[in-house]
Amino acid sequence: MAESQLSCLDEAHVNERVTEAHAAFYYCERRRAALEALLGGGEQAYRELVKKERLRDFLSSQERQALCAAWSPYEEAVSSTRAKAKAKAKFPAQPTESLAYWPDRSDTEVPPLDLGWTDTNFYRGVSRVTLFTHPPKEEKAPHLKQVVRQMIQQAQKVIAVVMDLFTDGDIFQDIVDAACKRRVPVYIILDEGGVKYFLEMCQGLELADFRIRNIRVRSVTGIGFYMPMGKIKGTLSSKFLMVDGDKVATGSFSFTWSSSYVDRNLLLLLTGQNMEPFDIEFRELYAISEEVNLHQHLGLAGRIGLNYSSTVARKLINPKYALVAGTRRPPGEMMRWAARQQREAGGNVEGQEEGSGGGESARRLESFLNDLVTVEQILPTVEPISPRLQRPTNGRPVSHAHTDAKHRSREALPQNGKGEAANGEATPAKEGKRFSSRLFSRRVKRPAVPSSMASSPSTETFADVEFPLGKRHNEGSNANISGKGITKASNCVIS
């Protein structure tokens with residue numbers, strides 16, 4: 001229930017009557033009825049109701065003409081494309097329920113600021129307020145267009161524009177240069193009625209695809225006035241320019257030639273914490289705005305989308321795949337591309353009949369399941385051990401630990417207190433690792449070894465730990481497989 005209805009249920013509530021003399025006077029049921037009479041019956045019906053209700057004429061002639069031009073009846077609920085095609089073939093469409101209370105689509109995707117946005121910090125700099133006028137009050141004061149262009153040319157992080165009418169080519173050229181040359185993200189929100197004039201200005205500049213890749217243009221309307229018979233569409237009257245998240249210019253100045261040279265305007269430059277409400281307002285406007293595709297309206301090809309499968313597309317959204325993907329699209333642009341492909345696919349199958357598999361949902365489910373089918377991995381071929389290595393020497397078979405020591409598990413090599421295997425074989429992998437770790441330690445200094453002792457393989461000791469460098473002979477051991485004499489261990493110790 002509405003707050004006014006809940007307040008009426010309160011026992012202690014006193015319904016105070018707010019008249020036209022009160023400052024809080026805003027809504028009047030009699031004025032709403034007069035507005036409905038104007039839109040339904042014209043000027044004559046409006047004047048009769050005003051006279052009957054003893055109201056003052058609250059609408060000027062210009063407002064009455066503008067309201068009648070902005071009024072439009074509610075559109076009928078549009079069914080799916082296939083149902084619409086069948087309805088055309090069988091019988092004409094019948095009127096459905098109004099969208100005023102039963103909307104066809106209530107959940108819409110919030111457009112992301114995919115090019116980036118400034119961090120919202122507690123401190124935005126020194127708060128200052130500067131007023132500029134046209135014509136200038138001081139002799140050397142800059143004109144309003146100069147102030148705006150300097151802000152855009154000095155931008156380094158982000159540029160955000162909210163404007164009712166944007167037709168000045170010089171200002172837009174500065175925005176294009178900032179987006180193309182300095183890679184500054186640009187977001188522009190225009191009034192829906194001024195979009196066509198903005199596109200006319202863009203067509204005169206002969207823009208290329210790569211120059212507008214960092215520019216996002218969207219449109220919004222006013223709040224509007226909803227009635228049972230239709231809706232009055234409002235307009236966007238806000239005008240401000242935000243740069244780098246720390247300064248904003250607002251006022252009556254529009255980005256047009258007339259505002260710069262003909263009209264009298266004010267421009268208020270705010271810095272620091274004063275721009276916090278403008279930051280919130282811009283993000284709210286951007287969330288309810290509609291996309292204006294510059295590539296489509298200007299006839300530009302745009303970036304060609306890659307035909308990724310659904311599995312790969314889901315992975316590319318993950319930031320950890322950014323280095324692998326290379327030239328990966330921003331998430332917002334990828335979602336727009338997917339929605340565009342979905343609309344084109346829906347338009348191509350408009351006249352086709354539904355299949356036996358459940359229609360579009362069944363086809364998507366089947367495509368999703370097919371993407372998840374795993375492919376059997378092909379393992380690399382392993383070359384067999386050469387017979388020469390397996391041939392016995394001196395009537396004794398060679399242990400596989402000498403031919404392929406890497407495939408032996410660590411648990412299968414029990415070691416004794418001196419780093420040797422239990423069967424008398426030394427483990428060269430662990431001995432080498434232990435030797436290198438001690439050799440490159442900062443605390444161990446290796447003195448010069450006499451030439452008489454360096455030629456013979458010996459067992460070196462680092463910090464009371466022995467590391468055998470050669471094969472030591474143990475009784476009953478099979479370590480001597482070369483047939484040579486037994487190597488005598490040396491007692492060389494490095495302190």
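Even glycines carry a Cβ here, placed using N, Cα and C.
Look at Swiss-Prot and you will find 447-458 tagged as compositional bias 'Low complexity'.
The N-acetylalanine feature in Swiss-Prot is assigned to ALA2. For ALA2 (N-acetylalanine), the count of additional Cβ atoms within 10 Å of its Cβ stands at 7 [all protein chains shown]. In the three-state DSSP classification, ALA2 (N-acetylalanine) falls within coil.
In the structure as shown, the Cβ atom of SER4 (phosphoserine) sits within 10 Å of 9 other Cβ atoms. For SER4 (among others), the entry in Swiss-Prot reads phosphoserine.
Among the features that Swiss-Prot reports, phosphoserine is placed at SER477 (among others).
Taken from Swiss-Prot, the feature region 'DUF1669' applies to 2-294, supported by similarity to another entry.
Look at Swiss-Prot and you will find 341-362 (among others) tagged as region 'Disordered'.
Per Swiss-Prot, region 'Disordered' is recorded for 384-495 (among others).
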